[in-house]
């Protein structure tokens, strides 16, 4: 446990700078809203998207006063919803506002479209997400190098970059007593991104410790620090909140301290439609972007060195396709001339969420959240032999079916991905599902299968980037194990709600409640899940960073294969899903890619 002395010391280290209302107004006045002020001009780097990764890279590049950076963001800085953004306890209230992109999928397995939540504004999805701060398993990141050929993308390297981003705040003794744990060696204390316990000042619910006691009796580890490289068991987690419990989004982290840099310009209210190229003997060279609001009102701006796409896993693939980079079949159908043949928009991997919720009695009231990172056996329980058999016998069939459905274009390469996932689950004790429990007068589990075998796609449907005609097709549950895993995790959440020490606080289930029999089997749970799931909004890999022969779109420095001066630097490039919330990975990834960009800049200077 962290001593009182160490807690006090770390709290003092992590004290944030407080920005006054006048400074906030000054930020607003510094942002560009008139596209004519940048149209036709040349910058060293143009970044398409002012979200987590785009702002991180912009801040690092513009540390060099000689480097001129332009960020183009569709949204704005803060908004009329600012108060909701700042309060992490208001999670969900921001959905459907002007800060939510609210992309729609094609009709899914239940014949309904689903909404993909994604932030719009300076900060991107850090404006609207749940602020959860965890790290993946070491073996997952190591596989990026060992399995996918991305030299330098291993746990040891990424761990240092992730810590470099972090400004950690240790838990107090009261927070430790409630269920937090802190290992100082797993955190960074000199970064920009605040992390620390969520605490609204109310008494702590005893339910977090009850869940830990219940799972501990089953031999499951409890009260862990989920930032050390092996997230397993049950513990409370950290959040991106400063010491005043204000959301520490990427806009606050990177724009507020740096907006006065004369070499950093940020254009808001404009969308990057496509990349501009010059043809060279070595292939297309990115020389700028076309941006605007519609086909009749758009502008060109130029990049001396590089164009960096940071529009997110749903949009960066579309920008590439509008620019002529992608599968010929997709581009031909949209009437776009192909410049480079790459599997853009394939291999998209998102997770699915269901909810199991119950009332609690008066003894269980209080604040708090706890997370159970459950392994394959813990999720499937008595069904483990059947689930294991699927992994040991169905990979070839799944790869063939996925390619036939348009989720990937190479059976052999996809099977390598599947074998990697199988090994994680059966040999490495990697967390397979996350059960996220919230209290505050209830026992509410939001839960998801972390390691999906389904592969979706996102593609353009026309040549006009400002019409927003596209097909986002996650293809949820078209893999049988994904559906069984989501059903089993949901069943487990119901069981835990009334098991062991949890039983004393249980006062009746509300979701699924009477909609599903108390003794429902896995098949019945599967039927329920199909009708009641939602996307988890953690999509990755639509511009996969891996060897080209495995289906890669970008290389180990995030450069788009077959082009010059073009990189993708956002959440579309991780080659795998991870057993974690994704912000820590994205921050570390952005810092690592920024170093690669700066290294190339130094060579050209």
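Each Cβ is built from the backbone N, Cα and C atoms, and glycine gets one as well.
From a predicted model like this one, the values you see are computed outputs, not experimental measurements.
The signal peptide feature in Swiss-Prot is assigned to 1-16; the stated evidence is sequence analysis.
Annotation comment: Swiss-Prot describes 111 (among others) as N-linked glycosylation site. Around the Cβ of residue 111 (N-linked glycosylation site), the same chain contributes no residue under 8 angstroms that is 6 or more positions distant in sequence.
Swiss-Prot lists 183 (among others) with the feature N-linked glycosylation site, giving sequence analysis as the kind of evidence. Listed in sequence order, 225, 227, 228 are the same-chain residues at least 6 apart in sequence whose CB falls under 8 Å from the CB of residue 183 (N-linked glycosylation site).
Note on residue 190 (N-linked glycosylation site): other Cβ atoms within 10 Å of its Cβ, all shown chains, come to 12. Summarising the annotation, Swiss-Prot assigns N-linked glycosylation site to 190 (among others).
The annotation N-linked glycosylation site is assigned in Swiss-Prot to 213 (among others). Under the DSSP three-state reduction, residue 213 (N-linked glycosylation site) is assigned to helix. The local packing around residue 213 (N-linked glycosylation site), expressed as other Cβ atoms within 10 Å of its Cβ over all shown chains, amounts to 15.
Taken residue by residue with DSSP, residue 278 (N-linked glycosylation site) is part of a strand. The N-linked glycosylation site annotation in Swiss-Prot covers 278 (among others).
Marked as N-linked glycosylation site by Swiss-Prot: 335 (among others). Taking the Cβ of residue 335 (N-linked glycosylation site) as reference, residues of its chain lying under 8 Å away and at least six apart in sequence are, in sequence order, 462, 463. Under the three-state DSSP scheme, residue 335 (N-linked glycosylation site) falls in the coil class.
Feature annotation from Swiss-Prot assigns N-linked glycosylation site to 375 (among others). Within the same chain, the residues at least 6 positions away from residue 375 (N-linked glycosylation site) whose Cβ sits under 8 Å from its Cβ are 232, 425, 429, 430, 431, 432, listed in sequence order.
Sequence annotations record features per position, and here Swiss-Prot assigns N-linked glycosylation site to 410 (among others). Around residue 410 (N-linked glycosylation site), the same-chain residues at least 6 positions away in sequence with a Cβ under 8 Å from its Cβ are 343, 403, 550, 551.
Residues annotated as N-linked glycosylation site in Swiss-Prot: 521 (among others). When secondary structure is read from DSSP and collapsed to three states, residue 521 (N-linked glycosylation site) falls in the coil class. Around residue 521 (N-linked glycosylation site), no same-chain residue at least 6 positions away in sequence has a Cβ under 8 Å from its Cβ.
Secondary structure at residue 538 (active site, proton acceptor), as computed by DSSP, is coil. There are 21 other CB atoms within 10 A of the CB of residue 538 (active site, proton acceptor), with all protein chains counted. Annotation comment: Swiss-Prot describes 538 as active site, proton acceptor, evidence class similarity to another entry.
Among the features that Swiss-Prot reports, O2 binding site is placed at 559, 560. Residue 560 (O2 binding site) counts 27 other C-beta atoms within 10 Å of its own C-beta, drawing on all protein chains shown.
Distance from the CA of residue 278 (N-linked glycosylation site) to the CA of residue 560 (O2 binding site) is 15 Å.
Within 10 Å of the Cβ of residue 278 (N-linked glycosylation site) there are 11 other Cβ atoms, across all protein chains. Listed in sequence order, 566, 567 are the same-chain residues at least 6 apart in sequence whose CB falls under 8 Å from the CB of residue 559 (O2 binding site). For residue 190 (N-linked glycosylation site) paired with residue 538 (active site, proton acceptor), the C-alpha to C-alpha distance reads 27 Å. Cα separation, residue 538 (active site, proton acceptor) to residue 278 (N-linked glycosylation site), rounded: 34 Å.
Across the structure, residue 213 (N-linked glycosylation site) and residue 278 (N-linked glycosylation site) place their CA atoms 63 angstrom apart.
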